[in-house]
Amino acid sequence: MAAVDSDIEPLPRGGFRCCLCHITTANQPSLDAHLGGRKHRHLVELRATRKAQGLRSVFVSGFPRDVDSTQLSEYFQAFGPVASVVMDKDKGVFAIVEMGDLGAREAVLSQPQHSLGGRRLRVRPREQIEFQSPASRSPKRVAPDSHQLIKALAEAPDVEAQMVKLVGLRELSEAERQLRSLVVALMQEVFAEFFPGCVVHPFGSSINSFDVHGCDLDLFLDLGDLDEPQPAPKAPESPSLDSALASPLDPQALACTPASPPDSQPPASPQDSEALDFEAPSSSLAPRTPDSALASETLASPRSLPPASPLQEDQGDGDQGKAVELAEALKGEKAEGGAMLELVGSILRGCVPGVYRVQTVPSARCPVVKFCHRPSGLHGDISLSNRLALHNSRFLSLCSELDGRVRPLVYTLRCWAQGRGLSGSGPLLNNYALTLLVIYFLQTRDPPVLPTVSQLTQKAGEQVEVDGWDCSFPRDASRLEPSTNKEPLSSLLAQFFSCVSCWDLRGSLLSLREGQALSVAGGLPSNLSEGLRLGPMNLQDPFDLSHNVAANVTSRVAGRLQNCCRAAANYCRSLQYQRRSSRGRDWGLLPLLQPSSPSSILSATPIPLPPASFTQLTAVLAQVLREALGCHIEQGTKRLRSEGGGPGEPPQGGTSKRAKLDGQKKSCEEGPEEQQGCAGEHGEDGVEEMVIEVGESVQDWVMRSPGQLGELPLMTGKHLATREEGQSGTAALAKQGPRGPEAACEGSQAEAEKRVSLTVSWRCALWHRVWQGRRRARRRLQQQIKEGGGSGAGSGAEWLATEAQVTRELRGLSSTEQRPEAEPLLTFVASTSQADQSLTVTPLQDSQGLFPDLHHFLQVFLPQALRNLLK
C-alpha cells in the first residue's frame, strides 16, 4: 500500500495522477479502476522484478577481452546459481552478472579477491537505478511552453518573425545533420561489403528540409539488380567510422572523419546521386542549437538510453556469421522480401557497431527493418522497396527551396496540430499528410505560391518513372520562376485555417498534381483515381495517384480538424493575433501553439448522429437532454454575434468586438476578396443568430423570418461565444460563402438556399453525475419491472420513461422536486449542425474536471437514444 501511495499524487479539484503510468484520473472511482487495470499491475510487477534483479546482480570489470559470457558464468557458479550474464557488446569491458538468489550475491561480494584468465576482476554491487516505465506509444504532444520558446517568440516584433524563429528553434543543428551523415556513411560502408554496388539513401525528414530535433533516420537501401553475379560476401572489418561515432556530437571526431567511406561505390545514376543531400563535414562546426521544448523527441545520449535486455545483448554474438550464411544462400537468386529483410536485420545486429533493438516489420505498408543506434541516440528504419518515398522527399525539398514561406508555415502548422492532438499515429494525420495539405493550400492561392505537380512535370526536361508513376520534376529550383504572390506569412496562416474549415474533405479529392479539388460525387477520372481508397478525408499523393495519404483519418478526426481550424481562424481575426501585446500577454503564435486540454480536444470532437430530418433531430435531442438526463436547459434571447474567438476557446479579456449587421444583401461587385469564401480576411463580419425557445420548431422560425434567404448577409462561417450569458437555445442561420476561392458569387435564391446552414444550440446544466452507475441502475430497474409483471421498454415513449426513472434514482430526487439552488456540477453547450448531422459539446463550467467522463458517456448514449426515439 505504501508503494501505491508513493505512485499516486493528489491533484486539485479531486483528481489524481499516477506517476508510474503517467496518467491523470478525474476522481477516486476512476483511480481505483486504473489501479486494478492490467497496465498498472503490469508496471508494478515489472518494477518489482527489475528491483529484485538489481539486488541479486553484481558489476564485473577487468576481465580479458576474449572472455565470453559462458566463462564468466562458469566462474561465478562457484558461489551459487547464476541467472544470467549481460556483456557489454560494443566494448567488452564490463558485464553484469545476475545471481540466482541474494545469498549467492553476498557470497560473491564477501570474496576479497576475484581473478579470471590471469587478470584480477573488479566486482562491486550493481548500482540501483530508479525504475522508469516504458515510453508510451500514444502520440507525444510536448507543450511548447518552455522559457526559451516563450521568451523568443514573445520578443519577436511580429507574427512573421515568430514563425521564422520557430523554425530556428525546431530544426536540426549543423552538428546534428553531420552526425546523421556519419551514420549514413557507416551504413554504406557495412552494406557495401555484403552488396557491392548498393547505395544507402537517406529520405524523409532528414533531407526534405522539415527536420526536427530527434526525428527518425529513414534509409532506403538500393540493392540494384540482384540477378547480376555478385562476389562472395565476407564479414566486414570494423568500420573506420566506429571511432567517429564512439561519442555523440564529438567535434574532433566529426571534423576529422569523412562523410562517406573512401571505397564506397558511386551512385548508379545522376538522379540517385542527388539523394545524398549532404556535404563532407568541415573542420569547424557551427554551435549546436539548443533543443526546443517543441521537439517531439530529444536526441538521447548513451547514458539516457535504457539498458538492453540480456537477450538483446546476446543476440549479436552469432549474427555476423548468420548474416554471411544468409547472404551465401541468397547469392545468385532473387530473394523474397521477407528473407532479404531478415538478412538486413542480421547484418545490422552483427556488423554495425552500436546498433541494437533491431526488428523486422514485414507486415507494414512498406516493409522495413527498425533499429536504434546507441552512440548517436538515433532511431531509424531501413526499407528495400521505397524508391518512391525518395522522390517524395526531394519534391518537398524543392517546394521549400521555391519559396521561403513554405518552411515557416509547415513548421508552425505541424506544431499547432501536435498541440491540438490532430497529428500522430493511428487515425490521426501524419506529418507527411499535413505537409502535403499545406502545399496544396499554397497551390490554390491567387496568385499561386507554389506550382502544381503537372506544371513541374512539364518543366522537368528528363522523364523519371518509378513503379509505373511519373516522378518527373526539376531538381534545380533556380530554373523555375518565383511566385508573384507576396502575401505575408501571418495572412497565409490565417487563410489556411479559414480554407480548411470550409473545404469538403469527404466529397472532394485534394489533388496536388492538378492543384484543385476534384469532386467525388461526379466520378473521378480513371487516370487520376484508379485504386484510390476514399474516406472522410481525401488527399492524393503527388506521384502515387492510387494512394490517399489521409486514408487512415476517421470522420471524427476530420471533423475535429475542421472545428479546430474554424476556432483558429476566428482567433486570427482578433487583435491579439495581429498585434504585440503591450501588457505582456501571450500574443501572435503563442495562444495557437499552447497545447489543448483534454476537455477542449473533446469539445472539438463531433458526436455523429443517426440520419433523420434536422427538425426531428433537434426536437428529440432537446427531449433526451431534458427528460432522459435531467438537464436544465436555459432559454436565451435574440443576439447579433461576430466571428471573434480564441484558438479553441472563447477569448478572455474582451479582445473581440461584436458587430451589428444591417441585413442587407451584399453585392457581387464588392471585389474578389468578398467573393472568396475562404480568403481569411481580418474583417468584422458577423453572424445573426436567432433564439428558438424550447419547444419551438426551427422550421417555424425559418417560415416566420421577415427576410428572404437571399437577403441574408454573405458569411464565411459562424462562432458560438459560449461564455456569454443568454446565448443558449439558439439557432444560427448563416449564408456561407463559396467553398473555394475560385467560386463566384451567385445571386439566385436557389444557390443561396444551398449555402444556408442551420445550427441549434442549448445551454445545459447538470447537478448530479447521471452517467455514473447508470447501467447498474438501469438493470436494477428493469429487474423490478420484470418482477412486477411489466414489459420492457418497447416504444420510444417507454424507453424515455425508463431512462427518466433511472435519472431520478441516480439523482435521489422525486419527479416533482425542483432543481436545487446550489451551483450546478457542470454546465455545457450542446450544438448540432444541419451541415454534418453531428453534435459538439463544449464545457462552460467544470470545476471538478468531469467533462471528459460526460463526453465519453454521451458518445455512446446519445446516438442510441436518438435511434430508439426516431424509430
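Glycine residues also receive a Cβ, built from the backbone N, Cα and C atoms like all the rest.
Residues near Asn392 (ATP binding site) in space but far in sequence (CB under 8 A, at least 6 apart, same chain), listed by position: Phe203, Asn208, Tyr432, Asp541, Pro542, Phe543. Annotation note: Asn392 (ATP binding site) sits in a helical segment as assigned by DSSP. Under the heading ATP binding site, Swiss-Prot lists Ser205, Asn392.
Annotation comment: Swiss-Prot describes 259-269 as compositional bias 'Pro residues'.
Per Swiss-Prot, the feature compositional bias 'Basic and acidic residues' maps to 659-669.
Summarising the annotation, Swiss-Prot assigns domain 'PAP-associated' to 489-547. The predicted model assigns the domain 'PAP-associated' (489-547) a mean pLDDT of 91.
Under the heading phosphoserine, Swiss-Prot lists Ser748.
As annotated by Swiss-Prot, region 'Disordered' applies to 252-321 (among others).
The feature region 'Disordered' is assigned by Swiss-Prot to 636-684 (among others).
The zinc finger feature in Swiss-Prot is assigned to 16-46.
Residue counts for the zinc finger (16-46) by DSSP state, with H, G and I taken as helix and E and B as strand, are 17 helix, 6 strand, 8 coil. Its Cβ taken as reference, Ser205 (ATP binding site) is surrounded by 20 other Cβ atoms within 10 Å in the chains shown.
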